[in-house]
Amino acid sequence: MKFELKNTNYLARRGKIIFDRGEVETPSFMPVGTYGSVKAMTPEELSSFGTQMILGNSFHLAITPGIDVVQAHGNLHDFMHWKGPILTDSGGFQVFSLGETRKISEKGVDFRSPKDGAKIFMGPEESIQIQKKLGSDIVMIFDECTPYPADKKTVYKSMQLSLRWAQRSKNEHDRLNNKNALFGIVQGGMHEDLRIQSAATLVEIGFNGFAIGGLSVGESKEEMIKVLDYLPSQLPSDKLRYLMGVGTPKDLVEAVERGIDMFDCVMPTRNARNGYLFTSIGIVKIRNARYRLDTSVLDECCHCYTCQNYSKSYLHHLQRKNEILGARLNTIHNLYYYQYLMLQMRRAIESNKFSKFKKEFYQQQGHDTL
């Protein structure tokens, strides 16, 4: 993997990631394909509206269907028929979300499979080995997702464990002679000194890119923005900056303005299935009775398949009846909206007009929910 920084507009960055499998223009948004599938979408549909890279989850794939099943096809790309790059999450977040069913030690985490209750152990080495077998183009280190809220002593202890695991992840990645990219993950909760310490240690270890973890875990928007105000500048300018698990369209705009290059989030797909649709003027809750006889299109500014062919009334009907087509049409629109938003931001940075873009974006987003 190679990253080229092409242009900056204040702190906002316009770049390109070059993989053997193709190029990814940044800032970039990755739809989440947890089990090797972006829900309701074919790979061809994803590509058609600008998706360049997707995210898979090594924890879930290792349990279902199992790494042996994926390897029987070749790798994860072959298994799901996706021709572009794939980033895989290490599984750290998922393991720690199991709560009382898992036990953390210096070596790693013991837990029971959410599938059948079987005992499983996962540490940095196991996670890196799984991601190598999946053929991930970007491998993530295994870390502890710091709980929120937590006192500073707890956050510090968690961060130090993650840093030791980061070194072990790097050592295993090198031992396997994996030529694909490996990203570190900055932790440290809401504490600036700990975040800066985490970033500095990861830079010293040496990674191909750096992710910011431990955000969008329950903190306020103000707390998240405060971290983004100082943290990106602590990371090397020639390396990718990835904000994990974020977020709303407004979150993406704020983060790009502060120097973030990559994002992933389940929001556009999950919200689509629940009838929350992102538009140029705000969120449309398509189940609302007001749309029963509304024959207008969802978003007059959108050129997606859904907006070119169907009315709000029809989408309302599909959502009320829980029709599979409704989930598909909603997902097509939300993902198209996200990818078009990223395209607009890339163009704004290229033309040194990001501030103008941001002002117009907020002027249009006049309502949170319609």
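Backbone N, Cα and C atoms are what each Cβ position is placed from, and that goes for glycine too.
It should be emphasised that the depicted structure is a prediction, and the values quoted were computed from it without experimental measurement.
What Swiss-Prot records for the Zn(2+) site is C302, C304, C307, and among H173, H191, H333 the residue it adds there is H333. Residues D89, S90, G91, G92, F93, D143, G214 are recorded by Swiss-Prot as substrate binders, and the candidate that the same record lists for that site, out of Q52, Q167, Q187, is Q187. Only residues 6 or more beyond the boundaries of the region 'RNA binding' (269-273), in the same chain, are considered here, and those with a CB under 8 A from a CB of the stretch are 31-32, 38-41, 327, 330-331, 333-335.
D89 (active site, proton acceptor) falls within a strand segment according to DSSP. Rounded to a whole value, the Cα-Cα separation of D89 (active site, proton acceptor) and D143 (substrate binding site) is 10 Å. Those residues of the chain, other than D89, S90, G91, G92, F93, D143, Q187, G214, with a C-beta within 8 angstroms of the mean position of the substrate site C-beta atoms are F96, M140, I141, F142, E144, C145, I185, G213, M244.
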